[in-house]
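Trainee: Just lifted these from TrEMBL, have a look:
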- GLU105: active site, nucleophile (ACT_SITE)
- GLU109: active site, proton donor (ACT_SITE)
- 17-220: domain 'GH16' (DOMAIN)
- ASN113: N-linked glycosylation site (CARBOHYD)
- 1-21: signal peptide (SIGNAL)
Amino acid sequence: MEKGVLFIALLISAFYSSSEAADSQTSFEDNFSIMWSEDHFKTSEDGQTWYLSLDKDTGCGFQTKQRYRFGWFSMKLKLVGGDSAGVVTAYYMCSENGAGPERDELDFEFLGNRTGQPYLIQTNVYKNGVGGREMRHMLWFDPTEEFHSYSILWNNHQIVFFVDEVPIRVFKNNGDEKNDFFPNEKPMYLFSSIWNADEWATRGGLEKTDWKRAPFVSSYKDFSVEGCQWEDPYPACVSTTTKNWWDQYKAWHLSDSQKMDYAWVQRSLVIYDYCKDNERYPKLPGECSLSPWE
């Protein structure tokens, strides 16, 4: 896995973004706005760590002030510790402020569990309001003990979900009209939130949130984006250009070392893959035929 981290670092340094592409700043206020329940949001004394809390009354969430179309998006999270059954921490990109009927969306969702049971991470992809592309993975560490990075690489050729620079999911685009389920047209905001989802999140809703343990707190730091910041009607950095590493040939495919990490994830950590759910999809969605290795 160390080689995969090195590959990302070298790729970023070799093709550092131009002035057309946005680069993040350290201040929360520079990048984000609180979506709701500002009294459930706190920062550390130095302002570098941010906390969202959930109690029986409400959760909390924030979103970027800017929209992006393609790039590298990363944040370090430390999840709710202890008994977190029913609690979902969401970290995602979406083309709309709300769950609109025509939205595009790329999701990380962290599904809480009873004490001693592992966290599950669910990813999903939406296009024009249609999802149903869930995958679930186990993690190879306890995400409540320390911060770990969760990242999305998004270009016109693939969407890759990373955990600590290890690719856990690859969603490909081959440009074929038959594969029309690839979100590549709408710019997206980046969001995070904590909320109660005990009707489905833990063991299909069998485990309910224990409100005696509230508040539930998720922690964030080190937001990083190297992407094409949207400007109406159409920003120049959307076009393929050698100025942006995240839209170059090396970023269109997994590297050899990343393929090794990805193979390990597929063998060891996948809990659910919609592309293998023939009961749910007697005819599998078209993108399921695309190889993540190419």
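Placed from the backbone N, Cα and C atoms, the Cβ positions cover glycine too.
In the displayed structure, how are the listed features positioned relative to their neighbours?
Mentor: Taking Cβ-Cβ distances under 8 Å and a sequence separation of 6 or more, the neighbours of GLU105 (active site, nucleophile) in its chain are TYR92, MET93, CYS94, SER95, ASN124, VAL125, TYR126, GLY131, PRO183, MET188.
For ASN113 (N-linked glycosylation site), the same-chain residues 6+ apart in sequence whose C-beta sits under 8 angstroms from its C-beta are SER84, ALA85, TYR119, LEU120, THR202, GLU207.
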Trainee: How many other Cβ atoms are found within 10 Å of the Cβ atom of GLU109 (active site, proton donor), counting all protein chains shown?
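Mentor: So the Cβ neighbour count for GLU109 (active site, proton donor) comes to 19.
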